[in-house]
Amino acid sequence: MNQYILAIDQGTTSSRAILFNQKGEIVHMAQKEFTQYFPQPGWVEHNANEIWGSVLAVIASVLSEAQVKPEQVAGIGITNQRETTVVWVKDTGNPIYNAIVWQSRQTAGICDELKAKGYDPLFREKTGLLIDAYFSGTKVKWILDHVEGARERAERGELLFGTIDTWLIWKLSGGRAHVTDYSNASRTLMFNIHTLEWDDELLAILNVPKAMLPEVRPSSEVYAKTVPHHFFGVEVPIAGAAGDQQAALFGQACFTEGMAKNTYGTGCFMLMNTGEKAVQSKHGLLTTIAWGIDGKVEYALEGSIFVAGSAIQWLRDGLRMIKTAADSEAYAEKVESTDGVYVVPAFVGLGTPYWDSEVRGAVFGLTRGTTKEHFIRATLESLAYQTKDVLAAMEADSGISLTTLRVDGGAVKNNFLMQFQSDLLAVPVERPVINETTALGAPYLAGLAVGYWNSRDDIAAQWQLERRFEPKMDDDKRTMLYDGWKKAVRAAMAFK
C-alpha cells in the first residue's frame, strides 16, 4: 500500500514539502526559501520559475532524507499563498512577467479607478471581496496592461493565468491540467461565489479574457498525475488543493457551521465556517469559499489582521527589546498589566473591520512609570485585541456565538498570549498537538480523494488537543480593557 501523502506548502517566503502518515503525523519536512523582489516601494514580486524550482528541490529533499520511494506516495495535496498571480505562455510554460504577490500594492491605482466608478458593491455582492490590490483580478489586468502584446495574446488563447496552486499543478502535470480549486478561485475578484463560475460582467470590467482562466474544480479531487520526469519516474495523483487559510480551517477539522480557527503568523487570519450559505458581511469581513468537497461547496467568513507576529519581530529586530520572540512571554508575565499602555500596531494600516490603509502605528498611555515589560506586554495584547475586533464582526454577521476558538501558527506557542486571548474573548482557546494545520489541510483533502482516508469523521478523530486555555477574567475587567483598546484605535485613526 502507498504509505504516505505528500503536502506541498508553497508560502510567501519559502516552499515546503511535508510527508504525512495515515495518523496525520509529520514524517519528514524539507524547506527552501526563495528571492523576494521589490522593484518599487510597495511592490512585491516573485520569480515563478524559482518557486517551481524550490518546489522540485524540497520534494527531492524530503523523499531522499526520509528514505521514501516516490511509489510510496499515495497522493499530493497543494496549499499555497493565495492571490499571488502568474501569467505564462501556454506553449512554452514561460511566465511573461514576475508573479505579483498578494502583498503587492502596485495595482492600488487600478483599484481606486474601479471604486471611483462605483463598482465596489457589485464586486462585493458577486465575489464576497472588496476591491483591493490584495486580490488577483487587478494583478492580471496590470500584467496585461503593462506587458507589450499580452492582452492580444491572451485573447488568442496563447497565455494562461493561474494562482500558485494552478501554476504548480500545471507544471507537475506537464501542462496537462490547467485547473484551480474553489477556495483559490474565490480569492481572484473574478469568480462568482454564488453561481460558482467565472463572471463575465466582472471580467469585462477588468478587461481579462476568459480564455486564459483555469477550470475550477473541487478542493478534493484527482486533477491529474505527475509526469514521470518531474516525479522520479512515477505518476502520482495530484489530488487536493486549497488556499493556505482554508487549508488551515480544514486541517483544524472545523467542519461544522460556527467552528472557527485563528492563525497567528506574520498577520492573523480568522476563518469561521458558515456552512452552505455565503454570509454577506456588513462589518468589514470577506465572504469566501472554504472548500468544495463531496459534491457541495461550503463557505466561510474571513477576517484579516495585517500585523501580528511581525509586531513581535519588531520588538526583537527594530526596538531590540527582546533577543528571541519566545522571550516576549517571560517579559510580559513580569508585570500584572500594561499599566494602561496600548500599542496599536498599524504599521501597514489596519485590516478587518477597519480597512484603513492610511492609519499608522501608535502607542498610548505612556507614563514615567512605563517599563520595557509593560511595552512588550501591550504589544502582545494587541494581537488579542485585534482578534476580538474580528470575532465581534463575525458574530454580528453570522448570528453565531463562538463556543471555542482553535488556534495555530507560530505565536500560539506563547502561553501568555493564548491565556489573554481566552480571557478577552470569554471562550476557551484550543491549541492542537500538530501546529502545522495549514500544511495538514492539503494532505487531508488529497487523501480523501484517493481513499487514503475514508471520511471527514476519520480526520476529525485525528485532531488532538495539546492545551485548552479557559477564560478567567471577570466581565467588568474585560469590558474596561477592550473599551481602552477601541479608544486607542480611534485615536490612531484620527492621527493622519
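One is the number of the first residue shown, and numbering goes on along the chain from there.
Every residue gets a Cβ built from N, Cα and C, even glycine.
The sn-glycerol 3-phosphate site recorded in Swiss-Prot comprises T12, R82, E83, D244 together with one of Y37, Y119, Y134, namely Y134. Excluding T12, R82, E83, Y134, D244 themselves, the residues of that chain whose CB lies within 8 A of the CB mean position for the sn-glycerol 3-phosphate site are, in sequence, N80, Q81, T84, V101, W102, Q103, R187, G243. Comparing the Cα of Y134 (sn-glycerol 3-phosphate binding site) with the Cα of every entry in S14, Q245, G410, N414, these being the binding-site residues, the smallest distance points to Q245.
If you take the Cα of S14 (ATP binding site) and the Cα of D244 (sn-glycerol 3-phosphate binding site), they are about 13 angstrom apart, rounded to a whole number. What surrounds the glycerol site, by Cβ distance within 8 Å of the Cβ centroid and not counting R82, E83, Y134, D244, Q245, is the set Q81, T84, W102, R187, G243, F269 from the same chain.
When the C-alpha distances from R82 (sn-glycerol 3-phosphate binding site) to the recorded positions H230, T266, Q313, G410 are tabulated, the minimum falls on T266. In this structure the alpha carbons, written CA, of Q245 (glycerol binding site) and E83 (sn-glycerol 3-phosphate binding site) are 12 Å apart.
The closest partner of D244 (sn-glycerol 3-phosphate binding site) among the recorded positions, by CA position, is T12; the full candidate set was T12, T13, R16, H230, T266.
Cβ-based neighbour count (10 Å, all protein chains) for T12 (ATP binding site) stands at 19.
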